[in-house]
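Have a look at the structure below before the remarks.
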Amino acid sequence: MADVDQGSVLPSETSPLILDGLNSTDSNGTDAVNATVAKFVATPEGTALAYGSLVFMALLPIFFGALRSVNCGKSKNSSDMPETITGRDAARFPIIASCTLFGLYLFFKIFSQEYINLLLSMYFFVLGILALSHTMSPFMNRIFPANIPIKQYQLLFTQGSGETKEEIVNYEFDTKDMICLVISTVVGVWYILKKHWIANNLFGLAFALNGVELLHLNNVSTGCILLGGLFVYDVFWVFGTNVMVTVAKSFEAPIKLVFPQDLFEKGLGANQFAMLGLGDIVIPGNCLMFSLYPAPSSLKKNTRTYFYTSFLAYIFGLGMTIWVMHTFKHAQPALLYLVPACIGFPVVVALLKGELTEMFRYEEVSPEDAAAKEEITEAEKKDK
């Protein structure tokens, strides 16, 4: 949860939709004009392709991450259970994110951007390999040839000896995991050497999918607290300061999805990007995912209804962000539009169905707690 939310859709280099190749910004967060660099005017087709691709890429980790999270939630293995975000975590997260964001801003102002990004690149190189391997694992299980023997491996690090022996790392994996790791390492080397936008997006999508899959909310109120806090965070750091835009453009790490607006002109070597921060995918995605979890009998028949409603709300909010950004030629805090949509749409549906009270009362519990409650209920029935 310590990753900073680069929470805005940035209109690449706009003035208006005139792009330069330096990704530079002035003190107000608007694009500085470099007279020595030839300007590029994005075509309507290129702009539409870039923004449409960002929306499509944003939907992939939300949809598949939510489905995978539900499967993890049904697992009886506690190690496979997603981490739950409580109300206290939700309240503290915008503060932690603000401190992290401003700290990065100061680092980029004080120290050399080149060395900072070198350290960050190595850090995200390792994280990206692990995230991409985890993302690929279910697909590899489906396509792996049955006639190839699967060998089991174990990576074990311990500390001490005898009775004081303590496990530090105990990781079990097999041949399929090794193949995923090799493929992910190739992508990682490609990213380190070339910083290519496709490699960036592969890592970014993996981070986003893992974020949606491995984190989830325990109730609707927690989601409202989290979205509300980040709503203020996003608006303040984008409109109130130039911090968000400066960090997003200086931070060379796969924490944002990018797509070139000059793809038709330069092909895969394009370099004028529109971008979307992973925080604008993972945070709303966690809230959408909650509507897929097993619900009380009064809500169970409508669980999919709430998920699809929230999914459409996300598309509407992201589309509104892009429209406003394109109209006013200024970076927009995506959560300014996503939060009202992702909260408002399901609430309206719940009101129309007369289920608003049940929706806010429902709280997700672990399989162990659910089993314990069932045992208590059955015991009470027998006593009666």
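Cβ from N, Cα, C; glycine included.
If one looks beyond the transmembrane segment (48-70) by at least 6 residues along the same chain, the residues whose Cβ comes under 8 Å of a Cβ in the stretch are 9, 12, 42, 82, 138, 201, 205, 208-214, 216, 257, 259-261, 263-264, 273-276, 280-282, 284-285, 288-289, 292-293, 307, 311, 314-315, 318-319, 322, 326. According to TrEMBL, the feature transmembrane segment maps to 48-70 (among others).
The transmembrane segment annotation in TrEMBL covers 90-108 (among others).
Taken from TrEMBL, the feature transmembrane segment covers 114-132 (among others). Tertiary neighbourhood of the transmembrane segment (114-132): same-chain residues 107-108, 180-181, 183-185, 187-188, 191-192, 202-203, 206-207, 210, 250-255, selected by CB-CB distance under 8 Å and a gap of 6+ residues from either end.
Tertiary neighbourhood of the transmembrane segment (199-217): same-chain residues 1, 3, 57-58, 60-62, 64-66, 68-69, 72-73, 82-85, 90, 124, 127-128, 131-132, 134-135, 187-188, 190-191, 223, 226, 254-259, 278, 281-282, 285-287, 289-290, 293, 364, selected by CB-CB distance under 8 Å and a gap of 6+ residues from either end. Annotated transmembrane segment per TrEMBL: 199-217 (among others), in sequence order.
The transmembrane segment feature in TrEMBL is assigned to 224-248 (among others).
Taken from TrEMBL, the feature transmembrane segment covers 268-293 (among others).
Same-chain neighbours of the transmembrane segment (305-328): 9, 11, 17, 47, 51, 54-55, 58-59, 62-63, 66, 276, 280, 284-285, 287-288, 291-292, 299, 334, 336-342, 344-346, 349-350, 359, counting only residues six or more beyond its ends whose CB sits under 8 Å from a CB of the stretch. Feature annotation from TrEMBL assigns transmembrane segment to 305-328 (among others).
Annotation source TrEMBL lists transmembrane segment at 334-352 (among others). Listed as Cβ neighbours of the transmembrane segment (334-352) (distance under 8 Å, sequence separation of 6 or more from its ends, same chain) are residues 7-9, 223-224, 227-228, 230-231, 233-235, 276-277, 280, 283-284, 287-288, 291, 305-306, 309-310, 312-314, 316-318, 320-321, 324, 359.
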